[in-house]
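**Q** My structure is below; once you've seen it, I'll send some questions.
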Amino acid sequence: MENRYIDNAKAAYAARDYQAAIDSYVECLNDDAVEKAPGDLGFLYHQIGNAFLSLHDFNSAVDAYQQSVADGSYDACGAVNCNLGKAYAALRKYDDAVAAFEIATSDAKYSSRYKAHLGMGNALLKMGKNAEAGASFREAALDPSNPDPTKALLNLGVCFMALDRPADAVQSYESALQFDMDPDTRNKMYANLGQAYVACNQMQKAMNAFEAALADHTYFLSDSASVDYSRAATAVATGTAAMAPIVANDDETFEPDMSGLDVTAASVPQAPAHDAYEPDPVHYPADAYGYDVNDDYASGDDRFFNASDEELEKYSKSIARQDRKRRNVGLKIAVFLFALLVVVAGLGVFAYAKGYGFPTAESVVSGLFADTSNPDKYFAKGVSSDSVEKDMASVVQDDSITVNGVERSMSSSTVYVTASAEGGEDVQYKVTLVRDFVSWKISDVELYFPSMADSSSTTADSAAASSNSAPTGTGAVEQGANGAGAAQPAGTDGAQAGGASVAGADATQEQGAPAGGNADAAEQQPTSNAATAN
């Protein structure tokens with residue numbers, strides 16, 4: 001198709017005035033006077049897409065290429081889909097890019113299929129599909145029409161290092177170094193070869209490769225390459241450099257560890273992207289716009305050239321398994337967190353049943369004695385203000401009370417404490433608390449004397465003995481006398497002895513008139529009663 005619009009567009013395109021080229025092509029499309037043969041629409045949209053691609057207007061480029069593909073009479077299907085794949089890749093739509101590149105590689109009329117293989121490999125690398133990317137780079141390197149296989153070999157090395165096959169990467173780099181290339185690419189190749197040698201523990205060879213990369217003083221090692229260079233230099237200086245031969249992995253059952261390959265490895269050599277396409281004056285922009293290739297590893301190998309489709313499929317399945325494992329990590333974390341919550345809840349219920357709370361009963365009591373001016377904060381809501389005032393009348397201020405003991409239960413607890421008064425005297429308290437949800441509140445505070453427990457026990461024993469005395473006759477008096485006699489030696493405390501005697505007398509009086517009659521009889525016959533008592 002030749003006319004003045006096309007001539008103007010070609011001239012503008014050659015001058016890198018891409019917008020003017022687009023305008024000329026659009027005018028040609030819209031001019032009904034221009035006769036358009038079958039396939040001309042596809043050609044015009046193809047060139048419009050190239051111009052948009054050169055302007056980095058990738059969305060418009062995609063639209064134009066899709067219009068071109070829609071023209072079934074246009075016979076440059078492979079070239080259009082290859083550039084369509086570039087535009088998709090620039091938009092990070094790698095799935096769509098791979099689909100377009102696959103169509104391009106299947107077009108037998110397309111004489112530069114290596115470009116589509118390179119583009120597909122780059123997109124697959126971005127997707128973390130290193131084995132499939134390696135297969136594409138292998139095809140690009142083996143394509144007889146590829147004038148510069150070094151880029152394909154360099155990116156093939158990326159795949160081998162990602163597959164943890166540094167020995168194969170060494171072979172790939174050494175194969176690439178047999179071709180002519182620009183100095184920057186050669187320096188990068190040597191630097192990546194040095195890192196591959198370090199991974200193979202071939203430190204002397206690694207040193208030679210790194211020194212070759214730095215020989216012209218125009219190339220600077222990346223951070224990861226610098227670390228490997230230092231490791232190699234240290235190993236050579238100390239005489240610990242390994243000299244084991246490099247052998248490619250021939251184990252057919254080998255399945256590489258693909259975990260973590262979706263992210264850039266820290267030890268990856270960094271380098272600028274390599275354009276996978278050569279300029280095409282008709283079907284391609286003057287500047288090929290692909291997308292950056294994250295050459296995290298410099299690796300490659302001849303074994304990949306001879307690998308079977310079954311082996312590549314095996315690697316792909318290995319990747320899929322690793323992807324499934326990564327997807328299951330979230331479920332495992334969720335199950336672990338659920339189990340942890342169940343355990344924590346169980347421990348909380350157990351502690352609640354055992355009388356523990358937050359804050360603890362001891363903390364609540366300590367707070368009351370430390371802040372006696374604000375008792376409402378610590379007493380239960382059901383306790384009246386009069387009761388609170390009465391209880392607080394005996395409480396002394398003490399910021400550091402001593403907890404003597406705690407009796408715990410699920411609904412109530414008792415805390416025994418000792419507080420120091422201003423004069424230095426120790427005062428003991430018995431504090432009763434009730435449950436307040438998970439915490440505790442005070443219901444009663446009283447002075448506590450340890451001797452009160454002994455006195456209560458003695459009184460209870462005497463009452464039990466009196467209740468078991470005979471109902472009539474002199475036996476009641478004997479029981480009372482014995483009770484009194486037993487109370488006196490119970491201790492030297494006169495109050496306790498007197499209390500025991502009164503208890504015995506009360507027990508005798510409870511028997512009524514018969515008991516009184518027997519008492520009188522006892523007074524009239526002391527000798528007989530004494531004998532009976534003995």
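A Cβ is built for glycine as well, from the same backbone N, Cα and C atoms used for every other residue.
Where the annotation comes from TrEMBL, it is an automatic prediction and has not been curated.
Taken from TrEMBL, the feature repeat 'TPR' covers 150-183, 187-220. Feature annotation from TrEMBL assigns transmembrane segment to 329-353. TrEMBL lists 456-534 with the feature region 'Disordered'. As annotated by TrEMBL, compositional bias 'Low complexity' applies to 456-507. Residues annotated as compositional bias 'Polar residues' in TrEMBL: 524-534.
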**Q** Quick test of the contact rule: Cβ under 8 Å, at least six residues beyond the ends. What residues does that give for the transmembrane segment (329-353)?
**A** 410, 438
**Q** Just give the helix, strand and coil counts over the repeat 'TPR' (150-183), going by DSSP.
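**A** Split into helix, strand and coil, the repeat 'TPR' (150-183) gives 25 helix, 0 strand, 9 coil.
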**Q** Which numbers of helix, strand and coil residues does DSSP report for the repeat 'TPR' (187-220)?
**A** 24 helix, 0 strand, 10 coil
